Amino acid sequence: MISPLLQHISSPQKLRSLSLDQLPLLCDEIRNRIIATLSLTGGHLASNLGIVELTVALHYVFASPEDQFIFDVGHQAYVHKLLTGRNTEAFSNIRHDNGLSGFTSPQESNHDIFFSGHAGNALSLALGLAKGASHGSSHILPILGDAAFSCGLTLEALNNVPSDLSKFIIVLNDNQMSISENVGNIPQGISQWIQPPKFDKIFQKIHSWMRKIPGFSRQKSELLHKVDIALKSLSHPLFEQFGIHYVGPFDGHNIKKLIPALEAVKGLPYPVLFHVCTAKGNGLAEAEKDPALYHGVKAYFKNHSPKKKPLSSEVKTPSSFPQHVGHILCQLGEKHPRLQVVTPAMSLGSCLEDFRKQFPDRFTDVGIAEGHAVTFSAGIARSGTPVVCSIYSTFLNRAMDNVFHDVCMQELPVIFAIDRAGLAFHDGRSHHGIYDLGFLCSMPNMVVCQPRNASVLERLLFSSLLWKSPCAIRYPNLSTRKEVSNPSFSPIFPGEAEVLCQGDDLLLIALGHMCDTALAVKEQLLDHGISTTVVDPIFIKPLDTELLQTLLSHHSKVVVLEEHSIHGGLSAEFLLFLNNHNLKTDVLSLGIPDIFIPHGNPETILNMIGLTSDQITLKILAHFNFSAPIPI
């Protein structure tokens, strides 16, 4: 049910028609809308509950889209969407088919300036906007939250802010969290800069006392508030060294104080850092108690009763690739007493909490700093210590040069556990892990592989410590299984593929979890009288050239199947192999087309790009002219 005030807010202009006294009720309605929606769809919950009052205040004081808001990270923009004409059925389906993106998207609204999904870029983008065009009477407001302020790119941009840049307000949404608790010196430093709570309490008492004095007018009260803001701006000189005027901190949940404070900094002829303190998960008791757990949720309500998803330590039998990785790393930690694990702010998502708790001195979360995570891991490896760098595929893109310069060029045996390889579905274009093979396979010394199930994953992780070379083990966030329960197994070495089944008419090479799809296609082709050899290459680089040459001696028709961009993946490596060995064969390459893939449900996305088993079967029949395509 749409709320009484919120249902009338079709634009920020409509918001500004409300009185100040109505805004707290509106904030409650917004929270209820977000909680009710995400209980059915899942999404980024805690961050958006924490930014409600701040977003309402920003839209109340400034005039978007003339005043430009840039959210960092973009997942904290749900409130912004509700206030900018998107409180519709599309919001009710957020991150799903026919729904809004879970991040800012210019395709949805001119109130969204950029697509956003990765952290730390807002300040650079905002400075570019200011440099590239005269914004006249308009303001530019990068809104930094969830540890975006401590990203290296943010600090680089901070060093580049002109001291005479007017109408430029950096809003720091300080919730002392990223996805989980902040790490490192910068967030701790910010906490130390915050004024003691006693200061605000004393000032409130003075204000309350003075209001009782006869003749104390509203104008004098406003003047006193301006004195409060001035004192807040004088108390922390650090940003002044950057030429940035600091104001704060302010209570991010007191909208009646936020609005006059924002009015006071509006139109200033120099850059301002507006520091707001919020509580991630505010307004939902469970999320306030455990904001990390409620950062990103699945549909977690049943009969309006919150259902907690289990922490990794509560998972007795791993069922997904990330859970198996977390379990195997704990086994490796026991076997190798010097093994180190490094991650850039993805301990919970990548199921590393058990390792962190079991081996706290051998676990490092570097925060949202992917380049540093890679180079830090390189330093560990150079010391002779085994190290696993656990990182999402989409975030590894940000550290490509670190992989090249600090790992591969140095020939250091860093083991990259690359999570979320493949389609991210609900998170959309910024989070699909479908581009990493293009640069990983181009780097000398790098071994690249992908397991089809938990058994192969286990062999790869245990064996990778024997390879003594940089290696990337990529895997999706999908359910998987172990084929055997026997803990003893033989090691596997780079360039070893596996034949899953033999046939005479077609060779089907499928990468990782796509082997399951390939085996389903094999059965469908059998209905057409076509027998298929299915091969799991395991290694994209190096390929098992000996096995492939043997198979190609009696297969003239080949299909390469992968959930990766058709450019730069397994198919590209296979075609290079054919060219290098002067082999001629008919190859059908099936992968992800050269477009940005939107968000949506798995079935919808796979159908859109033609990677369902039915579609693959029809493409094979048509391409090789086995028979006229028959709908299945």
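Note: Cβ is positioned from N, Cα and C throughout, glycine not excepted.
The thiamine diphosphate binding site annotation in Swiss-Prot covers HIS75, GLY117, HIS118, ALA119, ALA147, ALA148, ASN175, GLU370. The Mg(2+) binding site annotation in Swiss-Prot covers ASP146, ASN175, and the record cites sequence analysis as its basis.
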Neighbour count check, CB within 10 A, over binding-site residues HIS75, HIS118; minimum at HIS118
Thiamine diphosphate binding residues HIS75, GLY117, HIS118, ALA119, ALA147, ALA148, ASN175, GLU370: largest Cα-Cα distance, in Å and rounded to whole number
21
Let's check the environment of ALA147 (thiamine diphosphate binding site): how many other CB atoms sit within 10 Å of its CB?
29
Other C-beta atoms within 10 angstroms of the C-beta of GLY117 (thiamine diphosphate binding site) total 22
Going along the chain, which residues six or more apart from ALA148 (thiamine diphosphate binding site) have their CB under 8 A from its CB?
ASP72, VAL73, ALA119, GLY120, ALA122, THR154, ILE368
Proximal but sequence-remote residues of the same chain as GLU370 (thiamine diphosphate binding site) (Cβ under 8 Å, at least 6 apart)
PRO344, ILE391, PHE395, LEU396, ARG398, ALA399, ASN402
Would you mind pulling the DSSP three-state label for ALA148 (thiamine diphosphate binding site)?
helix
Tally every other Cβ atom lying within 10 Å of the Cβ atom of ALA119 (thiamine diphosphate binding site).
30
Indicate whether ASN175 (thiamine diphosphate binding site) is helix, strand or coil by DSSP.
coil
